[in-house]
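Only one structure is covered here, and it is reproduced in the block below.
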Amino acid sequence: MHVHIYSRTKVTSNSQFFSTRGQEICRSINGKKVTCCGYPISIFFIVVNEFCERFSYYGMRAVLVLYFRYFLLWDDDLATSIYHAFVALCYLTPILGAIIADSWLGKFKTIIYLSIVYAIGQVTMAISTIHDITDANRDGTPDNFTFHIALSMLGLILIALGTGGIKPCVAAFGGDQFQEHQSRQLNTFFSVFYLCINAGSLLSTLITPVLRVVFIAGSGMYVKTDPEGNIMWSVCKCIGFAIKNRFRHRSSSYPKREHWMDWANEKYDKLLIAQIKMVLKVLFLYIPLPMFWTLFDQKGSRWTLQATTMSGDFVIRLKSLLCQTVNPILILTLVPIMDRLIFPLIQKCGLNFSPLKRMTVGMLFAAMAFVSAALVQIEIDKTLPNFPSSSESQLKVVNTYSRTLNVTISPNEHLLIESFGVQLHTSKHTYSTISRMFVNGYTADLNITNLDSIEPSATTNYTLVNQGKRDFVLRHGEQWCEFSRKFGFGASYTFLIPSTVFSDDCESITEVEDMKPNSVHMALQIPQYFLITTGEVMFSVTGLQFSYSQAPKNMKSVLQAGWLCTNAVGNIIVLIVAELGKLPKQWAEYLLFASLLVAVSIIFSIMAYFYTYIDPAEIEAQVRKEQGLEPEEMEKETLEMEEKDEDQKNEQGASRGAQSVSYWAMPEHLSTNKWEC
């Protein structure tokens, strides 16, 4: 049997393949397979690219604040400030990426070119961590910190330009691959897209810039929308003209207009004005959102530093990364549960859990996470020693004499120090390594494992060792002895070496615990990570979908950039608080942020209550209809509707499983566009 199907244009020709059960497996357009199980095949390449990009980004960011703190030797506040300044820059550059994509290169080329900048930044950052470049005396510490700081800052700027520039393009580019009748698949795509972000975070590694070839490999399958001029500049000019025109006609003698943007009608196209109205409506709703990111991104700074004051015995080698892996693990678990179980269950219960309501609940979960962090911090503070204030000092006195000594510091203060005893200490050390110092009470120079020679009655500087059991060898000429000690997280020790050290085989070495090991376990951080991740799933995944669905077709990257800018503003808020707030207790800062987010979530819920969801395509079609369409545009819309109807009929026919059908498209050069089966 032959069936002849005629199409009015070659662009809409397609072929479909069904299994013997009548289920659609894949569809081909112009001989190229572009869908599989209802999804465009090109989506696979986009998802893999995002996975690789997040691999690279989170692999670097996971240890960035620790790099600042323990390699560049910055204090907690400066490390926190620079960390959030970098994150803020990563979420400000999407504006630049959106302008380049929509006005000049298009989304595909923008992603490719800025990925190259990104890779150069990662290499530069990696080079900045090699201390041997400036470590002439090979003591493990760079001799020129300025060089490493300058190189790392250059690397971070390039990374921010790369990752930020492609951020608004990738999600919008993925959304462009779907057709109007694939709305269900489009919603699922954003959940899968966010899953890949966090899978990349979990399996972070710097090898992934090489894997970007996967994205380029799918080039021929992508739906590439051409840039439509400098849309950002057009939007700015239109808004500026509307404001200027409204101010010029501010007299009451001029009739009011429905919207202040309507004052641009005299100069600009009504379709552009309608699109700007849609964008402004969403951007106004974004105003309270930065406070969520203010809290969320502190899991990479304040919470990481909090973890360094805790015990992590169950993950000895991964302690510094544990706090960064909990979040993506929870994301990979919670996104499918929320998407496939919780949200559908709420819907079946008849509750209207709209996207904006989800985002409000997500903000409240983030606030609860910071209350949990404050409670953990209170427990940590109970275990920390009392350090001197800015107007006080501490003195450490070591008695290497063979008898007890009475030391007078002031007329009213006396210290009674036993032989080889210590009074007071000054060090503060919080990390998964341990500091220790040796005091040489021997009568000659001593050599100790991994340390320079120590003169008699001299001390070494505090040096760092890893947690666990460590062996040390003391040597003087032909004499030597070995001793071992087990070190705990965050502890500080002083070892007193007597003159009889070799005669008793190092048994007489006295160990003084200057600071006790961390005792609050890192497992106590899990509740706060669970709460912040639940909030992230409800807030961030929903926000991505909401931003795309409420944006006009030619401004999706612009609105995605606006969404990412809320993250930038949130990090700037952290930067300001870290530098200017200076609250005496860290738990008080956590409660301050939690209180602010609760207040903001209330404001946002009120704004969301009055928000009306829109269909940008429907509004644009209505405006075009009012303006009058060109014949080509009329035909194009008619053909799109016919194709949509035909797809629905085919799907219905396939579901009945009545017969197995295969459509084969004739070559494009045949003007009749006749298909045969």
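The backbone N, Cα and C atoms fix where each Cβ goes, glycine too.
As written in TrEMBL, here are the features:
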type	residues	note
COMPBIAS	636-650	compositional bias 'Basic and acidic residues'
COMPBIAS	651-662	compositional bias 'Polar residues'
REGION	625-664	region 'Disordered'
TRANSMEM	78-99	transmembrane segment
TRANSMEM	111-133	transmembrane segment
TRANSMEM	145-166	transmembrane segment
TRANSMEM	186-211	transmembrane segment
TRANSMEM	278-296	transmembrane segment
TRANSMEM	316-338	transmembrane segment
TRANSMEM	359-378	transmembrane segment
TRANSMEM	558-578	transmembrane segment
TRANSMEM	590-614	transmembrane segment
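By number of Cβ pairs under 8 Å, the transmembrane segment (111-133) is matched best by 145-166 from the list 78-99, 145-166, 359-378, 558-578, 590-614. Recorded stretches compared: 78-99, 145-166, 590-614; the one with the most Cβ pairs under 8 Å to the transmembrane segment (278-296) is 590-614. Contact between the transmembrane segment (78-99) and the transmembrane segment (558-578) is supported by 3 or more Cβ pairs under 8 Å, counting only residues 6 or more apart in sequence. Beyond its flanks by at least six residues, the transmembrane segment (590-614) meets 278, 281, 284-285, 287-289, 291-292, 294-295, 298, 302, 354, 356-357, 359-360, 363-364, 366-368, 370-371, 373-374, 377, 550, 577, 581, 583 of its own chain at Cβ-Cβ distances under 8 Å.
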